[in-house]
């Protein structure tokens with residue numbers, strides 16, 4: 001940020017990452033379309049590699065600006081907070097579309113579905129087995145990330161480390177159970193609107209859990225390198241907000257799709 005002078009505002013240097021990120025996104029989507037049409041997966045893999053490398057180096061630069069260069073002033077931090085809040089709001093609206101599709105189909109099932117929900121021939125999951133365990137796991141992870149945050153505010157380095165470690169562990173455990181549930185599922189994404197809405201909603205939530213787990217893992221590594229203090233730790237706060245958002249979305253998914261809709 002050489003353009004930064006004696007003022008608090010957020011002016012950034014020229015960066016290649018928006019361009020490489022756009023190239024990575026375009027390559028990933030193009031590769032996905034090819035893959036879905038029975039072509040090879042190489043373009044999709046290349047796009048993912050470009051995107052992951054871009055995200056890593058972009059966030060590395062942001063961490064350097066805030067940790068080593070001292071460029072994240074109060075005004076900049078306020079802007080970052082609003083950016084994260086608006087990002088989470090956009091994610092909320094993203095999931096609203098999935099719930100809308102689900103309720104549109106389930107509250108008045110079409111005659112082609114047997115005028116019933118779940119549709120005729122669909123064997124739904126028992127909400128009191130793996131889904132209930134996953135709910136308990138995510139609720140527990142919400143407790144551990146809050147524990148880590150309060151410990152950080154009290155300058156308790158070891159308890160912050162423990163809280164973040166257990167949160168990441170619970171996130172990985174949730175993902176493993178979700179993958180097992182998908183493998184054992186008695187229906188597929190092609191089995192009527194029920195399969196489509198189920199796998200779209202829970203699948204995108206699963207992707208968000210993976211992103212949140214990665215976010216918290218980065219926070220754990222940064223904490224071990226003393227990047228956070230009790231007064232300056234917005235990276236951790238953003239990860240905690242995102243994780244609580246993931247928790248709340250899962251509660252709605254569990255209550256509506258697994259319990260009521262099953």
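Note that Cβ sites are derived from N, Cα and C of the backbone, with glycine treated the same way.
Because the structure is a prediction, the values reported are computed rather than measured.
Swiss-Prot lists transmembrane segment for one of the ranges 120-140, 141-161, namely 120-140. For the ranges 16-36, 163-183, the feature annotated in Swiss-Prot as transmembrane segment maps to 163-183.
With a cut-off of 8 Å on Cβ pairs spaced 6 or more residues apart, the transmembrane segment (120-140) and the transmembrane segment (240-260) reach 3 or more such pairs and are scored as touching. The highest tally of CB pairs under 8 A with the transmembrane segment (83-103), across 39-59, 163-183, 198-218, 240-260, is held by 240-260. Residues 59, 91, 94-95, 98-99, 101-102, 145, 164, 167-168, 171-172, 174-175, 178, 182, 187-189, 235, 238-239, 242-243, 246, 249-250, 253, 257 of the same chain sit 6 or more residues outside the transmembrane segment (198-218) yet have a Cβ under 8 Å from a Cβ within it.
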